[in-house]
Amino acid sequence: MDIDLIKSTIRNPDFEICYPKTRLICLENSHANTRKCLSVEYTDQVGELAKKHGLVQAADFVSVCLSIGLGAPVGSVIVGTKIFIDRARILRKTLGGGMRQVGILCAPALVALQENIPKLVNGHKNAKNLAEGLNKIKGLKADVAYVATNICVF
């Protein structure tokens, strides 16, 4: 998203009675719509904008999905301060996320972290090869220049 567009949608808490206050800016990396990885510079710009408006730090937490790209059957990992993690645990339990046999799901996620990270490069190459191959099929079009990760849109 354009930085000026983000800035224009931040609601001023002093003047908005009928709308909720802006408290958070979320970034997805890589982003499914653009199929691009966000640069560190862009992420820093959004972080500075958020700090300027008193929303958040440059990053309050990071969430990593283990099933997309890494091949774990389910799961995500969150990284943040101890206070944030403690609050996330409470919220998870509140929303019904208290599985007793969670180790059965954790084991393949651990294998994915230990063994599949080097395979990400192959997944990215395969997506680019897929895009190139799709372009050879009449009626299909994939923009190979936008295939930077394992996402291929055609």
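Glycine too: its Cβ is placed from the backbone N, Cα and C atoms.
Since we're looking at a predicted model, the values are computed, not measured.
Per TrEMBL, domain 'Aromatic amino acid beta-eliminating lyase/threonine aldolase' is recorded for 56-152. For the domain 'Aromatic amino acid beta-eliminating lyase/threonine aldolase' (56-152), the model gives a mean pLDDT of 86.
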Give me the DSSP three-state residue breakdown of the domain 'Aromatic amino acid beta-eliminating lyase/threonine aldolase' (56-152), ordered helix, strand, coil.
45 helix, 10 strand, 42 coil
